[in-house]
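Novice: One structure, as structure tokens, below. Some questions next.
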């Protein structure tokens, strides 16, 4: 199998844009924001179920979590803490896609004298860079979201009255960036896989029909490619996400699982074996396809509208 694919920019050929094109960067970021909002609206119920499964202290199932959530909190419980990811994930996806596209332009211009294509390792490197940069924004946002998602009280009985109070308490306990290391590892390798798979699928589609342009690929195919890319991402990094979630729901003053990946992993394995690293895997995989299909389709369609 060839290691090189056509190097398609989102809408136009990469050659048409200089490496430092501010207008292109703004469009990338705006389209990424739209994709992130779509991801949250589609995926939030699955994500809430996943987080509660990952952090449950007793064995349970996805259906049991859903049943209890509906009984105790109603349908709105699935969207608890949504404001934070709606704003935050929009920013995170915007950053992921923006950096990924900037790196694609960087490699394209670097390769100009040798080849007009990007290699598979270069596509992977683009995604890794976007993921690592995004980690520093995603980690605190996810920490706040997870704290809000997992608190069972409401109103005056809630530990956190909202995102701002949650941020204040996390900062007071010097814990806002707890879980940053597993987030960097998850986002780096995960986004590398994510964008590599997507670009490979896009390139394969363009190779099948001579003269086909990226902007001519229908939305339903973009959804399928995004769904497959999102599924590949989570297959690669899921145990790291469990470790991160456990770290971010642990006691703020005296974390019983410890503050490192190794200490959390040892405790999880001691308490639940290998299965402990895959709690919530079902809802995550159910979420991966529609949420990431919506992300990529919205992203590309937004880019077409922006021109």
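Glycine too: its Cβ is placed from the backbone N, Cα and C atoms.
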Novice: From the ranges 83-103, 146-166, pick the one that Swiss-Prot records as transmembrane segment.
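Specialist: The range carrying the transmembrane segment annotation in Swiss-Prot is 83-103.
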Novice: How does the model score the repeat 'Solcar 1' (26-106) in terms of mean pLDDT?
Specialist: 86
Novice: Looking only at the repeat 'Solcar 2' (121-204), what are its DSSP counts of helix, strand and coil residues?
Specialist: 68 helix, 0 strand, 16 coil
